Amino acid sequence: MFESILITIATAATPLLIASIGELVVERSGVLNLGVEGMMVMGAVTGFGVTLATGSPWLGIFAAIAVGALFSLLFGFLTLTLVTNQVATGLALTLLGLGLSGMLGEGFVGQPGIKLGNLYIPYLSDLPVIGRLIFGQDPVFYLSVLLTVAVAWFLFRTRAGLTLRSVGDNHGSAHALGINVIGIRYLAVMFGGACAGLAGAYLSLVYTPQWIENMTAGRGWIALALVVFASWRPWRVLAGAYLFGAVSIGQLHAQALGIGVPSQLLSSLPYLATIVVLVLISRNRRLTMVNTPASLGRPFVPDR
Amino acid sequence: MKKTILSLAAAAAVLSLGTMGAQAATKACYIYVGPIGDFGWSYQHHQGALEMQKNLGEENVELAYLESVPEGADAERAIERFARSGCNIIFTTSFGYMDPTNKVAGKFPDVKFEHATGYKREHPNVATYNSRFYEGRYVQGIIAAKMSKAGVAGYIASFPIPEVVMGINAFVLGAQSVNPDFKVKVVWANTWFDPGKEADAAKALIDQGVDIITQHTDSTAPMQVATERGIKAFGQASDMIKFGPETQLTSIVDDWGPYYIERVKAVIDGTWKQHDVWGGMKEGHVVMAPYTNMPDDVKKLAEETEAKIKSGEFNPFTGPINRQDGSEWLKDGEVAEDGVLLGMNFYVQGVDDQLPK
């Protein structure tokens with residue numbers, strides 16, 4: 001039972017982690033894309049549809065990643081090339097994604113999907129307690145952890161990562177140094193879109209293998225909050241996603257056990273926990289300021 | 001997310017602009033709490049609406065709907081917008097739309113309002129309608145008690161409103177009529193629709209040892225989890241057999257089509273009147289999906305119970321029934337009044353959960 005609870009937590013945390021890591025890179029480059037929910041739901045419908053058509057969840061996942069990136073390109077074109085307001089454009093992207101996915105997915109409603117299989121390594125997956133947890137989960141779970149490692153390494157250990165962060169901190173100076181601010185931001189936005197697409201596909205192919213309209217049910221917004229919660233640090237995103245997952249699953253178990261705490265309070269625990277941690281980490285204002293990308297959300301128009 | 005049926009809306013616009021004075025079609029409008037693609041509650045209402053339009057003719061009825069409208073202040077705005085946009089009849093299809101519906105109805109006396117699952121009719125232009133889903137839940141309780149080896153079922157509930165509380169009570173009464181020691185674990189998801197959370201709730205319940213899952217939330221996710229874990233489950237609102245060919249025992253299927261046809265036709269004919277309708281198995285509002293994945297004797301018992309409820313010979317809320325604290329609610333042979341059921345905010349004896357207040 002213990003192992004099964006941990007796996008449930010991992011399943012709940014994985015889509016949040018993937019979407020947050022993507023958005024973290026976007027925000028580190030100085031762009032605020034509030035369209036995570038919309039890109040996620042587009043990924044979910046694409047992943048499901050392509051899997052249904054081809055019978056291969058892997059093709060579904062790749063298609064979802066591609067569509068997520070393409071969809072974010074729309075946001076990139078509007079905010080980076082046409083310099084529209086990022087907040088408004090991001091919100092519009094979410095609305096568009098929710099509506100468009102509902103339309104595209106109309107024929108998928110009520111059709112059972114194909115689940116992406118779990119990993120199975122002989123002997124190792126059969127180990128007691130930790131076997132399935134470490135060696136027997138779905139491939140995307142491992143990918144999400146790898147992604148966190150890769151992004152942490154990229155941002156803080158490579159020159160390209162430093163360049164990306166410099167664009168996010170002061171796009172004027174970066175531009176003066178000859179860095180292609182817009183180009184880098186385009187790439188970051190597309191990476192964010194690809195991650196959101198993957199997170200969406202995780203929902204429709206692993207978490208609940210089916211297509212239901214609005215099936216993201218606000219997870220894109222939680223992913224956005226997690227980035228702030230983590231003060232733009234990849235490992236804290238991982239911690240935050242798992243904390244959120246653990247509290248969400250924990251409260252359901254508390255209810256099933258019949259603990260005499262009102263269920264409304266238990267249901268709000270994940271959000272309360274997020275707020276509490278947020279308050280705790282923002283006590284030190286200077287430390288928060290150090291991590292916040294200084295150009296976040298500010299439009300960039302290169303001087304001529 | 002507004003998604004009117006575009007061609008119709010465009011056609012109506014052309015009509016009203018181009019040919020002044022031409023007879024405009026009757027406009028029926030629907031407010032849904034979830035997306036129409038939830039394959040559950042909102043899906044079934046929308047199927048009913050489509051059936052109504054098909055039956056009465058697209059030239060006579062214009063259909064408009066808003067989906068995923070949150071209960072509360074947003075709902076009032078949505079309903080009011082519909083009322084202003086020329087809707088002749090507005091169906092608000094969730095319990096939480098009760099007060100907003102009545103409030104808007106007061107401002108638009110010429111528009112007809114129909115509120116599903118509520119009990120307030122503060123203006124003559126508000127009618128309420130509901131189905132006696134508890135009849136189906138009683139039958140499910142009987143099946144659960146017969147089928148469960150662990151003697152515990154898991155119940156994924158949405159919000160502690162009378163409709164849901166009534167369902168839990170009926171399920172428990174049904175189960176305990178077969179096995180007095182039968183237990184039901186209730187988990188409140190505090191949402192009507194969040195596939196991931198519903199799946200998580202199902203997993204939590206199964207991890208705690210239940211071997212039957214039933215739900216009063218709207219998505220097919222719990223059915224899929226039950227299938228994955230190899231236990232049995234009941235569908236909700238629509239026949240979910242495709243999601244669990246070897247899992248679904250039965251499902252309560254909401255069939256709103258006949259009611260919507262009757263009511264919109266009444267608007268067209270000018271015979272619409274306020275009423276409070278609460279149809280059950282007898283009226284065909286509550287339909288049970290085929291009894292599957294169970295031995296013949298259980299199936300027979302379920303069918304017999306269904307027949308008895310249908311004929312009116314038996315009502316699940318027939319005394320003696322005590323409240324959860326042991327005090328008497330219904331005397332021997334006494335049948336619960338509809339008014340009490342529609343405002344039900346207490347558990348009956350035998351429910352092993354604390355009702356959130």
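From the backbone N, Cα and C atoms, a Cβ is placed for every residue, glycine too.
Curation does not apply to TrEMBL; its annotations are automatic.
On a predicted model such as this, the values are computed, not experimentally measured, just so you know.
For reference, TrEMBL has these:
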{"type": "TRANSMEM", "residues": "A:6-26", "note": "transmembrane segment"}
{"type": "TRANSMEM", "residues": "A:38-55", "note": "transmembrane segment"}
{"type": "TRANSMEM", "residues": "A:61-83", "note": "transmembrane segment"}
{"type": "TRANSMEM", "residues": "A:90-109", "note": "transmembrane segment"}
{"type": "TRANSMEM", "residues": "A:129-156", "note": "transmembrane segment"}
{"type": "TRANSMEM", "residues": "A:177-203", "note": "transmembrane segment"}
{"type": "TRANSMEM", "residues": "A:215-232", "note": "transmembrane segment"}
{"type": "TRANSMEM", "residues": "A:239-259", "note": "transmembrane segment"}
{"type": "TRANSMEM", "residues": "A:265-281", "note": "transmembrane segment"}
Please work out which recorded stretch in A:6-26, A:38-55, A:90-109, A:129-156 has the most C-beta pairs separated by under 8 angstroms from the transmembrane segment (A:239-259)? A:6-26
Checking distant contacts: for the transmembrane segment (A:129-156), what same-chain residues at least six beyond its ends satisfy Cβ-Cβ under 8 A? 2-3, 6-7, 10-11, 14, 17-18, 21, 24-25, 28, 61, 116-121, 164-165, 195, 198, 201-202, 206, 233-235, 237-238
With Cβ distances under 8 Å as the criterion, find the stretch in A:38-55, A:61-83, A:90-109, A:215-232 that has the most pairs with the transmembrane segment (A:6-26). A:215-232
Cβ-Cβ under 8 Å with the transmembrane segment (A:177-203): same-chain residues at least 6 beyond its ends: 14-16, 18-19, 21-23, 25-26, 28-31, 33, 36, 39-48, 60-61, 64-73, 75-76, 80-81, 140, 143, 147, 163-164, 166-167, 171, 215-216, 219-220, 223, 300, 302
Quick tally over A:38-55, A:61-83, A:215-232 of CB pairs under 8 Å to the transmembrane segment (A:90-109) gives the top stretch as A:38-55
Long-range Cβ neighbours of the transmembrane segment (A:215-232) (under 8 Å; 6 or more residues past either end): 15-16, 19-20, 23-24, 27-28, 34-41, 44, 94, 196, 199-200, 203-204, 208, 239-241, 244, 274, 277-278, 281, 287-288, 291-293
